[in-house]
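Asker: Got a structure for you, questions after.
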């Protein structure tokens with residue numbers, strides 16, 4: 001049965017507002033084989049899940065078109081271009097109407113207005129009949145009543161104006177929302193529909209591709225299915241998924257598929273976007289419920305205005321009929337009904353294209369009122385990429401090799417980010433993990449793991465794991481120092497280890513941005529207090545409160561307490577965060593690194609690891625709320641203005657229609673401004689930080705960091721004041737490890753080095769200028785080596801003044817760049833070893849002194 005179910009998309013141009021959406025649902029729900037119906041009014045799209053054996057796509061189209069809703073099947077990746085111009089009937093209707101205005105020159109031409117009515121009325125009549133059958137009162141009924149009344153009053157020109165304005169309004173609304181439709185279509189149609197088999201070169205439908213199939217992908221092509229790279233190298237542009245751009249495939253690659261087409265990241269993302277946009281927000285439900293009673297009340301009031309004066313024999317009955325018609329048309333709630341869904345649709349689309357998927361408009365409204373954001377630590381604020389800084393046994397009868405074998409074997413069965421680091425640490429020490437030797441593996445969220453190996457009961461985890469191992473003593477008291485992890489054999493502490501993790505790029509900026517929005521930030525972690533304090537120090541104590549050593553249920557309790565002081569969001573990526581994500585008013589899961597449970601539990605999914613998108617989303621939500629209020633005010637104020645004009649003695653029917661159409665367009669265009677919102681930061685580089693520092697990486701590039709006082713310390717560099725005399729005195733201590741800076745006028749976001757190897761700090765706890773030997777090892781340089789001619793950065797022979805820029809080339813020579821070289825940007829970045837702006841005159845003789853006192857560029861000397 002499930003295999004026969006299919007999701008089909010239909011474009012329904014006859015959708016005007018929520019009243020037509022109800023009509024669509026009433027038409028399709030009774031049909032045998034229809035399972036789910038999603039109606040997205042702003043894009044005039046209907047998605048139907050149906051059994052293909054019971055009902056076909058053409059039958060669904062026929063059912064919709066029986067009500068003259070102008071439905072057609074929308075193919076995957078297709079955007080409508082047929083409605084670039086109004087249909088022929090509408091154009092002829094307008095032409096006859098224009099000609100009828102010449103009745104003042106030749107009276108019989110006024111009858112052409114009847115032709116205008118005749119051409120424009122059929123759609124309205126058929127939709128009215130369908131609405132009556134479905135017991136749905138909508139705008140089509142109101143317009144038909146207005147046309148009939150003005151025709152009875154023999155005001156054919158006004159009847160023609162009404163029918164033409166109503167006919168053209170739907171086309172105008174479609175064109176007005178075109179940009180939003182294209183943006184949404186790009187989200188729901190990102191994956192290609194064809195795939196190339198690597199073995200034969202044949203192109204087949206992606207739905208026919210099985211798991212473990214090898215596909216060929218050429219440079220510049222989209223990767224059709226999720227998979228693993230089996231041949232070739234490439235860099236992939238993930239912008240449509242993460243909101244962050246990168247490079248495209250450089251050459252031919254082969255990809256082995258790991259999922260079916262319906263289970264890819266893009267397919268799941270598309271489904272989430274569609275479902276989110278089809279769900280009504282609280283504000284939308286309130287307005288729709290209001291409209292259900294509002295339209296009948298308006299009809300009754302209008303009928304009373306027409307019937308009562310006639311029954312009482314009041315003179316000038318035509319005036320009262322016109323007034324009744326104006327009230328009827330002014331009571332049309334289309335603009336009011338559109339005020340909410342269009343704005344929310346644009347906001348959800350904007351958020352999705354930026355890399356944040358919200359599962360419904362309700363959560364957008366919640367975000368606008370957020371007062372507190374709670375963050376998990378590992379994988380959320382920090383990278384979740386651990387390095388083992390300490391690993392040792394605390395008992396004499398167990399060797400470090402045995403301990404590493406036990407730990408790496410058990411950890412190899414865990415999915416926690418720390419586990420991979422411990423396994424890798426064992427491999428680096430020639431210890432191969434053997435997971436098949438582990439029995440009865442168990443995971444204890446918020447504590448650690450257990451496994452039985454070589455007949456030993458081994459517990460590995462944080463300070464809480466000791467209680468699980470039946471050890472009553474505090475582990476810190478046993479080792480005299482707090483660590484990240486503890487290893488127990490039975491109830492005996494046998495080993496300890498420490499892991500280091502670094503904060504994500506932009507984490508500090510995100511928290512500071514939250515503060516500027518009046519939102520408090522908290523960190524909830526199951527890690528040790530020591531690790532939590534270290535992260536807080538990396539963030540310059542920007543977090544308002546830090547809670548450490550928490551179990552998953554304790555995180556949920558704390559979030560529940562936060563909710564007493566206002567709306568609360570929880571941001572997390574792991575299974576441990578699922579209870580807190582579910583407890584929060586809105587849970588935001590990390591989509592790339594997050595667990596399946598966290599993604600399922602979260603109300604929003606962050607498709608990248610850039611948490612700066614969270615304050616962006618709050619700003620977007622607040623802007624959307626303002627747009628909603630503006631739209632409601634616009635919708636109501638224009639209606640009031642027309643009614644006041646009519647009561648004052650100017651009941652102009654066509655003006656009421658024009659006002660209704662104009663208000664709808666105004667509401668749509670005002671909502672579309674949300675799509676123009678641009679992020680306040682660039683993913684690659686923050687706008688409020690000037691690039692000044694950089695470090696050599698293994699990809700032979702310089703990554704630019706912010707120019708702030710603690711940048712060196714964030715790189716792991718120690719200033720001479722903090723380093724201590726033992727490693728700083730008379731030696732080349734680095735102010736910037738192998739560093740370079742970028743001058744603004746160079747126009748370079750990266751400095752590329754073709755022949756330079758990566759560098760790493762010397763292992764004495766401080767960072768020194770080092771040179772790489774022929775065997776690829778690194779050796780600390782002493783002052784005498786630093787000052788050897790032709791192997792150093794010669795400073796003493798050059799005259800340099802404040803603001804001069806030093807160019808260091810591959811042969812280790814040095815030159816002072818003049819301003820002309822900068823202005824014409826004549827330098828080739830591939831020829832640069834690095835540049836550094838000199839802050840003051842160079843007067844010292846040895847480069848070690850210059851580096852220590854001034855912080856000029858250091859170099860790698862390659863033997």
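The backbone N, Cα and C atoms fix where each Cβ goes, and this holds for glycine too.
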Asker: If you check TrEMBL, which stretch out of 233-261, 262-290, 320-348, 349-377 is marked transmembrane segment?
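Answerer: In TrEMBL, the transmembrane segment feature sits at 320-348.
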Asker: Which is it, of 607-627, 628-648, 649-669, that TrEMBL names as transmembrane segment?
Answerer: 628-648
Asker: Which one of these stretches, 37-62, 115-140, 141-166, shows up in TrEMBL as transmembrane segment?
Answerer: 141-166
Asker: With the ranges 88-106, 183-201, 202-220 to choose from, which does TrEMBL describe as transmembrane segment?
Answerer: 88-106
Asker: Checking feature assignment: transmembrane segment per TrEMBL, candidates 293-314, 381-402. Which range matches?
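Answerer: Feature transmembrane segment in TrEMBL: residues 293-314.
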Asker: So what's the mean pLDDT when you look at the domain 'HMA' (6-72)?
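Answerer: A mean pLDDT of 84 is what the predicted model shows over the domain 'HMA' (6-72).
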Asker: Apart from its near flanks, which chain residues at least 6 from the ends of the transmembrane segment (88-106) lie with a Cβ under 8 angstroms of it?
Answerer: 112-113, 115-116, 119-120, 122-123, 156-157, 160-161, 163-164, 167-168, 171
Asker: Does the transmembrane segment (141-166) reach the transmembrane segment (320-348) with at least 3 CB pairs under 8 A, where each pair is 6 or more residues apart?
Answerer: yes
